[in-house]
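Residues annotated as domain 'Cation-transporting P-type ATPase N-terminal' in TrEMBL: B:56-130. The transmembrane segment annotation in TrEMBL covers B:111-132, B:144-163, B:305-329, B:335-358, B:790-810, B:816-838, B:863-886, B:930-949, B:969-988, B:1000-1016.
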Amino acid sequence: MVIQKEKKSCGQVVEEWKEFVWNPRTHQFMGRTGTSWAFILLFYLVFYGFLTAMFTLTMWVMLQTVSDHTPKYQDRLATPGLMIRPKTENLDVIVNVSDTESWDQHVQKLNKFLEPYNDSIQAQKNDVCRPGRYYEQPDNGVLNYPKRACQFNRTQLGDCSGIGDPTHYGYSTGQPCVFIKMNRVINFYAGANQSMNVTCVGKRPRHYRDKGRDEDAENLGNFVMFPANGNIDLMYFPYYGKRFHVNYTQPLVAVKFLNVTPNVEVNVECRINAANIATDDERDKFAGRVAFKLRINKT
Amino acid sequence: MGKKTLEIYSVELSGTKDVEQTDKEDGKERYRGLKNCFHSKKDHHTEKLNKELDLDDHKLSIKELEKKYGTNIITGLSSTQAAELLAQNGPNALTPPKETPEIIKFLKQMVGGFSILLWIGAILCWIAYGIQYSMNKSSSLDDVYLGCVLALVVILTGIFAYYQEAKSTNIMSTFNKMIPQQAFVIRDSEKRTIPAEQLVVGDIVEIKGGDRVPADIRLLSAQGCKVDNSSLTGESEPQARSSEFTHDSLLETKNIAFYSTTCLEGTATGMVINTGDRTIIGQIASLASGVGNEKTPIAIEIEHFVHIVAGVAVSIGILFFIIAVSLKYQVLDAIIFLIGIIVANVPEGLLATVTVTLSLTAKRMAKKNCLVKNLEAVETLGSTSIICSDKTGTLTQNRMTVAHLWFDNQIFIADTSEDHSNQVFDQSSGTWASLSKIITLCNRAEFKPGQESVPIMKRIVVGDASETALLKFSEVILGDVMEIRKRNHKVAEIPFNSTNKFQLSIHKTDDPNDKRFLMVMKGAPERILEKCSTIMVNGQEQPLDKSTAEAFHTAYMELGGLGERVLGFCHLYLPADEFPETYTFDVDAMNFPTSNLCFVGLLSMIDPPRSTVPDAVTKCRSAGIKVIMVTGDHPITAKAIAKSVGIISANSETVEDIAKRLHIAVEQVNKRDAKAAVVTGAELKDMSPEQLDELLTNYSEIVFARTSPQQKLIIVEGCQRQNAVVAVTGDGVNDSPALKKADIGIAMGIAGSDAAKNAADMVLLDDNFASIVTGVEEGRLIFDNLKKTIAYTLTKNIAELCPFLIYIIVGLPLPIGTITILFIDLGTDIIPSIALAYEKAESDIMNRKPRHKKKDRLVNEQLAIYSYLHIGLIQAVGGFVVYFTVYAQEGFKPSILINLRVEWEDSNVNDLEDSYGQQWTWYQRKYLEWTGYTAFFVGIMVQQIADLIIRKTRRNSIFQQGLFRNKVIWVGIASQIIIALILSYGLGSITALNFTMLRPQYWFVAVPYAILIWVYDEVRKLFIRLYPGSWWEKNMYY
């Protein structure tokens, strides 16, 4: 990097370095005297101390503008996204029926995921609400009044509840359950007071398709949904936020695929049908919908 | 044969011929520079050169020559022959030195400076994509785009730099075409003037004193012809030329005149034997053109700066690559971090900005009559510490002008300013009436007709320099001189010659009642006085006694001591009875008296200094620049001019002056007492380099008189041994080595030869010394302003870099994207950094020492530290505050962001929880991330406005400098804001650019930090002003 104008011998270079590190004549260490080093350290201590204080102050001021209860802006969350459980790395549910290990981790995850939905816990923590209408809980003058949540019992998931299920959510028989959930958005009145439900279809991405025929629709076969029709009730809305809506239970829709064509990859897309949720966002592939891959390997 | 010619040739080049045998060693040393110029070619091309030199044209008789070239010395070539030969041999011009092919120049721009780093970045991008693609076929093309953008940036800046360079080269080449050389040639039995380029072998040409020899010529006849071969052989003595063959060697024989040498006096006719590149000088030129130019100081500075920045970029990049890998990041991610770090560290737009800044200054200098050939010379002039200046034409007006008059026992001062308008001496005396008559009548110079509307001082005169001076002087004072001469009809005249040393004419007077003839005479004062027996005082003739003769001598010595050329004037009214109206005067028989005349007065002339020069010299002095005068003139004249312009200041003395004052011998004077020295060429010749060094260091005011152009080179080398940056002026062909050797060669635009202009770095369009000083001022200003520009540009690099480092270490979502950084570096920051070039100087620019080449760097430690670790860090903190604000108000409070990176970037995680329990899809997060980019971008932009304002000064307060004096700064600020607005609101919908529409209030979040930057810098400057020389200044002043 440094251009050597005059050729220096190796010894000279070492000597110069030595002198730079400690110059005994001027008592300079790395080109500065002790006092100079003291000054410079003190200076940076003060300067960076001040800068840290300034940063802390401005951050504190900024955080005063943010409430604990709702975020200041929610413009990005106009359309809630959909997501599946079990959560896998590439959103693909692959089940080797004969190979227990291939699906055991899914089962473990689901067990854990569904634990809060156990009827006993629900009954203990949450209210029984009237279906078909929003469960609104205005503050009524009490600031940040803690909010109650509605029950979503695990038994509502029927065959997919996994309670006393020897098939392990159907994974051991090649009829797996996949759970669909909608992202939580504070103060979002999903469905705009009309009933809403989740529907799923087999749908191969357009550029993989053969001449307009959608094989995945055929390969997907039959499925059943719990609650029936894939309904999501209005009573689970609105959500009031983590801090004040402590025991909020997210509604789920379980889809049990009954006879997927084995040994092929099937693309499944589930979307929510709700009056105020658009599901056709070009850029956000998960706005109001979720796409995942299903593959049942049987020998 | 070959060997022999070579020997002769090298002897010629080393110029030992005019050096005494005894000091042969010195002689060799002295001409070393010249030899060096021609050295390289000798080794490689001796073979070719020797073959070419093997010509025998000088040995042939005229008849043989006519036969050989198919020409006739009376009628010349026919036009058709000439045209054929021209087509066959090409024009008679030197092929310009082989230029680097355009494509190479272009490619050099592509890989120079930071380009290499960016290429590495681009290639890393493509490699990263390659790895991604091999792992996952559907991986996004983002990295490919980024790589392309980086490549595009390099190519565009490369094209820009190339275009700038080409433009500045063009200015020069058009300038060169402005001055075609003419040749006087016989063709078709006719004498005609044609451009020298069209000469062909066999043409018969005529040359006269003052001409440049248009080609290699075999002389056929010559009258008192002398040529200056110094540009070829290094001999400063004029060489006589004749038509006789005197030496076997082509280079030594007298009947050959060489291309591009100068004919000093006499006339000659000759036949062209070689043209263009086949001439001797053409061969040398083509061989010597390989001599590389040294790097300009600014090029060294920029290189140094590029090294610093590249060093920082590479070491931080590698450091964090290692950190990233040891933090268990994937290598692919680490590569992408590396790209980000490189892009953030490299000020992509800076080199283009520097080029623009330099060319803006070059333009400004061109307006002030300094035409700069290569942009970098702009700054070199600013670091100049010694100027070696010619006298004639540069320091002086290059025309004789009447400076003093002596009559009635009194010296009067005439106005020597450029327009002569203010002649205040007493014109009521009768003596003046007589003197003015003599001045008017005893003068053969005439104005060229048709110049009535031209100011007197600018009219063209036919006549020699002193007569011209007298004509203009009398025209200014008396009015229409030609009319006066008409009324006083001239009946006889003896022109001036060097034996008589006087000039005489006899006139009828314009007084109709006075039938006497008036004889007027002027000449060398002592000769004139010898012829006089009376002297005129207050209009009355008085006998010339001893006391008046004494007064005359005193005045004569005094005027002579001023270095002026003194003329004496006398007259005589011839008695009407002896010389009736019909008397016929015979100038050969001298049938009239030339003694016992009446002495009227003295008049002295000098080539006066340009009126702007004394100021300019004072400026140089206060700027710590030593001005050395180098002239061929007489030491007394040189010293007088040096004194009048201040090169030798009023109160300093030379050794000789002290000796004279104390009435002791020169040897007894303590040399340390003298500040000034006048050294003649002869003295210089006897000096060893050590003695010259001693002279240059010990005396602050030096005048070299009676020097040859070759000695100029020795002087330049001497100055450079003192580690000085030397500027040299020159006009002759033979000045070229000195001009080339100097750090900055300055050729004269009016008086300069093409060779000088080619060798020079700068051309002075008005030949005025004061323009050099203006140039120095501009050069210093540009150095200061470049410092400011670089400081401004470097600052935000830290603000761009910190996000990456924090991203890697803390795992925040990326605060600012690579593309966004490019939009700062090449978008919002460009115009502001150019605007700093328009900044006025902080008051002290010409009051400080020239910068020390090695100590005062463009980018020094203080500048880098202050930009990086002070202002840069404040900016980074400010940027982060804006970033955190955007995230917090959208739902992600700072605490949750830590270590969120992996999940945040995983496109399969579509239910990421924020601080409120809301869940985000990948795209929703991505959009927020882009909003964060935009916010950070705006944060930096807002703080860069403050940075721009503080960079206006380095020491003074902004309020001393004036906030609104540099309007361009405000254009820059406006451009920053407008570009940012367009990016955010206009292009916010184009996802590839990663900009989003930012809420208006976020534009103001960083304002407190902008104010902090301003206040902090004001405090810094205040302490620097309050405690000069303190620890604070040493560490904080850049």
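Using N, Cα and C of the backbone, Cβ positions are placed for all residues, glycine too.
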May I have the DSSP-based helix, strand and coil counts for the residues of the domain 'Cation-transporting P-type ATPase N-terminal' (B:56-130)?
48 helix, 1 strand, 26 coil
Within-chain partners of the transmembrane segment (B:816-838) [C-beta distance under 8 Å, separation at least 6 from its ends]:
146, 149-150, 153, 339-340, 343-344, 346-350, 352-353, 356-357, 360-361, 782, 785-786, 788-789, 792-793, 796, 800, 803, 879, 883, 930, 932-934, 936-937, 940-941, 944, 948, 951-952, 966-969, 971-973, 975-976, 979-980, 983, 992-995
Please report, as numbers and ranges, the same-chain residues at least 6 past the borders of the transmembrane segment (B:863-886) whose CB is under 8 Å from any CB of it.
308, 312, 787, 790-791, 794-799, 801-803, 806, 815-816, 894, 897, 928, 931-932, 935-936, 938-940, 942-944, 947, 950, 998, 1002, 1005-1006, 1008-1010, 1012-1013, 1016-1017, 1020, 1035-1036, 1038
Mind pulling out the one from B:305-329, B:790-810, B:930-949 with the most Cβ pairs under 8 angstroms to the transmembrane segment (B:1000-1016)?
B:930-949
Calculate the per-residue pLDDT averaged over the domain 'Cation-transporting P-type ATPase N-terminal' (B:56-130) and state the result as an integer.
81
